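Asker: Handing you this structure, nothing more for now.
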């Protein structure tokens, strides 16, 4: 920093995954010093970022060292334990989102409790420690029910559907064995899944992105259509307002993603994430300000950028790894077939089912776009010819 | 590279300026290994790129070492001397654009000679070694005339307007003293300046960007309006075809920028550049494929991306350094004033008149966009309140 003659702040992101990689890209034009705390030189962000600290991105010692070198600390993931965050904040680091906010993204029981206080539309739920709790809950709301680990889950991990007491018992026994706090939720009969992202700065400025439709499979987001086709305007505004209220009430700084179920009556809060989120990857190519730039602006308390979509529709599809690791050979064909397609690869080793990248397309007809994005993603995985 | 299990090519860019910095950004989503040969750790690209070789970006020894570590060598600037390029190619490096092509961008006499062979519309010109040559040329085409150093010029450096034999003599005496080969050109009575960019791959695929209007001052590009407002469609197509023909005829691989004068009759070739170019910075925010991504695709012989503009107009303004280096303080106000504005800073120390970044805006009304971009650039320079 001494080589520059202006006070550029340094943002440190904890975790070296694809979110940090894409935030690094966004930091370049803003000319913000950006560092990453990564576990390995082969981490997605560590492969491209010029300023990497290697270390344990969940451990106190490395986090303290890292925080000392940064003006602002933020996160690629939500897995830093609360006691570690407490120590980092106590040492004087500026952590955004703060521990106070992050705990609602880390602990689903806390989140559901707070959402109820705020009258945010939510599924019925209960914290459970015995099969008896699940049984009575199932009797009350009807089977199947959804069992969730209260913390530590992502991409469908830590979520189990149970059709019966017997199935619930198997899940719960395993949870008890690993001392995982558990909760149960009603299974919401939803039409489709939506997501809405807002950015909030410490100053209190907010910016809400268009509500998108997310297509999930096996708990993993596969496709995003932005904006959600045919969504009632009033309902879209309501969803944005709900996300803004949650951001304010939970004290979020940075990006907040609210995953929603759309039912016949309205929307129901499913999950929260306080970081850039897969449901917002479309914004890199499809919005005036990407979620990664917006996250940086928000955590730095800079004025937020326009979240406006730049085309009638943008469709994103995740690229998952397949059996054949030869992605690069296939991607030449995808480029030749669809010159309008944007490909984003994360530099990850290919493993079956692993998110290794995403593609986006823009245009007027969301069905045609979805077909193009799906075709490209399937081809890159090695599933299609 | 051994940490990845697929054959990702490594592209090395010679020079660590802002073009390399923005190419690094473009390499990330493509997941191309990207290295830079930079003179200093504080070079624009070296500040952000994860893979930097420090060295002399015009010297043989460092270039040979650098080339050995890369699959493809390309350039941030055109200042590597031809004999050095010859040695690098002789050592087996794949250099794109090749020395054969680059010499037309490095040597204006060669370029004008070849353009004449190709019947490309050009100003009248002559290579000059004495004031007598300039005097007879001026008598023939009329004064003022334009004196140019045949090589080494950029951003208005190496170009002098001469109103009279006396003025020409001063320039020529200085050139003779520094052994600079010189040429003289007629001053074209142009309406405005245009530029057109094309990408060409070794396979021979080409992609032409919309023709843009460039607003120059003191030999430096200040603003770009994409596409050029009110440009006759036939003339635009002719300009694109001219650039494509030049790219093929000169054997360009990568981006080619052709700077043009628009006259009452048509267009006249002014200058060529074989790299990403200031007249194409608008493509980062304003085209489906940025010139930086396109340059990478072209030099790697990958299928080219769509050069389509994503809005009716995109306007770019360069941000120049002013007297006060406190750009970061000012940029907060620019962000607050215009949330739709995209800012791109190059990490450079502020010096008066130095290009330190650019801004872009998109919309329907190019006059309003130009006003917004100008206001932001002036404010960032410190000239406006």
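Heads up, the Cβ atoms here are built off N, Cα and C, so glycines get one too.
Annotations in TrEMBL come from automatic prediction, not curation.
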Asker: Which of these, B:148, B:157, does TrEMBL list as part of the ATP site with B:108, B:185, B:186, B:187, B:188, B:193, B:270, B:271?
Answerer: B:148
Asker: Going by DSSP, is residue B:187 (ATP binding site) part of a helix, a strand, or coil?
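Answerer: Going by the DSSP assignment, residue B:187 (ATP binding site) belongs to neither helix nor strand, so it counts as coil.
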Asker: Over the domain 'ATP-grasp' (B:112-300), what is the model's mean pLDDT?
Answerer: 95
Asker: With ATP as the bound species and B:108, B:148, B:185, B:186, B:187, B:188, B:193, B:270, B:271 as its recorded binding residues, calculate the greatest Cα-Cα distance and give it in Å as a whole number.
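Answerer: Taking every pair of listed residues, the largest Cα separation comes to 19 Å.
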Asker: Given the binding-site residues B:185, B:193, B:271, which one has the fewest other C-beta atoms within 10 angstroms of its C-beta?
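Answerer: Result for the binding-site residues B:185, B:193, B:271: minimum number of other Cβ atoms within 10 Å at B:271.
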Asker: Which residue among the binding-site residues B:108, B:187 has the fewest other Cβ atoms within 10 Å of its Cβ, if you could check?
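Answerer: If we count Cβ atoms within 10 Å for the binding-site residues B:108, B:187, the smallest count is at B:187.
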Asker: May I ask you to report the DSSP-based helix, strand or coil state of residue B:193 (ATP binding site)?
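Answerer: Assignment for residue B:193 (ATP binding site) reads strand.
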